[in-house]
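Enquirer: The structure is given below, and queries will be raised subsequently.
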Amino acid sequence: MYLEQLKEVNPLTICITNNVVKNFTANGLLALGASPAMSECIEDLEDLLKVADALLINIGTLTKESWQLYQEAIKIANKNQVPVVLDPVAAGASRFRLEVSLDLLKNYSISLLTGNGSEIAALIGEKQASKGADGGKVADLESIAVKANQVFDVPVVVTGETDAIAVRGEVRLLQNGSPLMPLVTGTGCLLGAVLAAFIGSSDRSDDLACLTEAMTVYNVAGEIAEKVAKGKGVGSFQVAFLDALSQMKSEMIMDK
């Protein structure tokens, strides 16, 4: 249901994301049926966010200047009631990243927080191994998602071998996906943009259902791509993944 709605709405998804993943993110959104815009100019965003459906803030290539950009962009999005997705990339890897992430969460209206276990654990004060965007293995993603949902009072998606979605104290665990996905730079960052497109094209009446479908669509596309690229390597997997996103239909995830 939500996937078909996304394709019909063609949500304008503003992505202020990191320099490593911009091309992949834009192509992934286009494949799925969304309309990406990668603007980083406040004067431009003043107009774009009047008609946008969602805003992604991904702090991957963080600078002091980009911190100010995030703040101003979120202010404009909040003023125009545009949902904001925050991906606090490598939040546990440095004090500066943690400071920026907490500032955005505590001082602005965020609609969705998404990250891996190490990133979200750092935000709630739990020590976990972190090595940048890849993070470390975290034992209890469910409890981390629930606690972050309670602490920040926003829906939370925590990714890992099992993905956890927490909304208003309710949690859902998902186990789809491919082990090849973490081997392609940008799959986690593209996910944040995909989640933004899904919630931006929904009526927000049931975020848990919407996010569950978004995660399942994304992860099943990874499973399909793995089969197509079997024996070929991660380069072929990346292409197959974009192909799979472009061909996804709701009936393909009915039994997942």
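Each Cβ is built from the backbone N, Cα and C atoms, and glycine gets one as well.
The feature substrate binding site is assigned by Swiss-Prot to MET38, GLY186. Swiss-Prot lists THR114, THR159 with the feature ATP binding site, giving sequence analysis as the kind of evidence.
Could you give the neighbours, burial and distances for every feature on this list?
Expert: Under DSSP, MET38 (substrate binding site) is assigned to coil, being neither helix nor strand in the three-state scheme. Cβ contacts within 10 Å of MET38 (substrate binding site), excluding its own Cβ and spanning all protein chains shown: 16.
Taking Cβ-Cβ distances under 8 Å and a sequence gap of 6 or more within the same chain, the neighbours of THR114 (ATP binding site) are VAL85, LEU86, ASP87, VAL156, VAL157, VAL158, THR159, LEU191, GLY192, LEU195.
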Enquirer: Applying a 10 Å Cβ distance cut-off over all chains shown, what neighbour count does GLY186 (substrate binding site) have?
Expert: 21
Enquirer: Where does THR114 (ATP binding site) sit in the DSSP three-state scheme?
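Expert: Strand, per DSSP.
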Enquirer: Around the Cβ of THR159 (ATP binding site), how many other Cβ atoms lie within 10 Å? Please give the count over every shown protein chain.
Expert: 28
